[in-house]
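One structure is given here, and the rest of the page talks about it.
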Amino acid sequence: MRVLGIETSCDETGIAVYDDQAGLLANQLYSQVKLHADYGGVVPELASRDHVRKTVPLIQAALKEANLTAADIDGVAYTAGPGLVGALLVGATIGRALAFAWGVPAVPVHHMEGHLLAPMLEDNPPAFPFVALLVSGGHTQLISVTGIGQYQLLGESVDDAAGEAFDKTAKLLGLDYPGGPMLSKMAQQGAAGRFTFPRPMTDRPGLDFSFSGLKTFAANTIRSNGNDDQTRADIARAFEDAVVDTLAIKCKRALEQTGFKRLVMAGGVSANRTLRTKMAEMLHKRGGEVFYARPEFCTDNGAMIAYAGLVRLQSGANPELSVSVRPRWPLAELSAV
């Protein structure tokens, strides 16, 4: 079975073709980073308009890359939420229309289920059960995963997501949008221990997160210590260490609570090298294993949507006959496979 995946939930247009026998046949991605850079963040209307311009040409490019025609596609998967409503509607409308024209089923995919399943695209995919850390600009969640669609929320951020905190702190440090990856690069030049940031909510029981206070702490630290290059690098290092330590502490608790030996990291922040190293060390000490996707599949992409849609279609998911999206969509509401 070959599935065309369409991802348009935010500021990246991702198109891919996944085959249940041959694996990933095509992967096309267009990023709107330059479009939104002058505004310091994603402008929803601009994002939607750009998806309108880019989605169909990228679908054509993906089919060409895979050396396929429309007749070779057996199903269409599109991101139906969560995300920006206008951006979601572009992908959903195009996906549903193509499926109708091609006479194949269309299936709506949960964006975060796509991220959660992205490590399944690798040569060494995780087996169930596992704890999943979904960590991105919009979400920071710990999920108990016992099967496809069998998700139990263990904890989540009560304010800013980790990726959002990275971007906001990067802006305080004078870095351009999107600043998270640049903050991590700057942190590599920072001295460990010059500044010590708090590890929020680690001094109390539970698995929830809070990252908004770290941004305030960073602002106060910058104000009190100047803004020369080395100081900025040292602050970036202290901030990143605090976020990584906090995530590791909570993941360890989640593994202890569930008794699972496997941890899956997904979402844009899961590409962070410091985070990967920290989690690998923690899992090694526990006799467990950590899994994550290659960096290009940590951020938004069509491959994860194509794969998640394939799994849903093969399990007998009812094809969608209408176009509907859900800007807010709890992961726990998904049906089990």
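Glycine is no exception: its Cβ is also placed from the backbone N, Cα and C atoms.
Residues or ranges marked as Fe cation binding site in Swiss-Prot: His111, His115, Asp300. Swiss-Prot lists Leu134, Val135, Ser136, Gly137, Gly138, Asp167, Gly180, Asn272 with the feature substrate binding site, giving sequence analysis as the kind of evidence.
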- Task: Starting from each candidate's C-beta and looking 10 angstroms out, tell me which of the binding-site residues His111, His115 has the most other C-beta atoms.
- Result: His115
- Query: At the level of the C-alpha atoms, what whole-angstrom distance separates Asp167 (substrate binding site) and Asp300 (Fe cation binding site)?
  - Reply: 16
- Note on the structure: Cβ neighbour count within 10 Å, max among the binding-site residues Leu134, Val135, goes to Val135
- Query: Within 10 Å of the Cβ of Gly180 (substrate binding site), how many other Cβ atoms can be counted across all chains shown?
  - Reply: 25
- Densest Cβ environment (other Cβ within 10 Å) across the binding-site residues Ser136, Asn272 belongs to Asn272
- Query: Taking Gly137, Gly138 as the binding-site residues to compare, which has the smallest set of other Cβ atoms within 10 Å?
  - Reply: Gly138
- Task: Can you tell me which binding-site residues out of His111, His115, Asp300 are within 10 A of Leu134 (substrate binding site) by Cα, answering none if there aren't any?
- Result: His115
- Query: Roughly how many Å separate the Cα of Gly137 (substrate binding site) from that of His111 (Fe cation binding site), to the nearest whole number?
  - Reply: 13
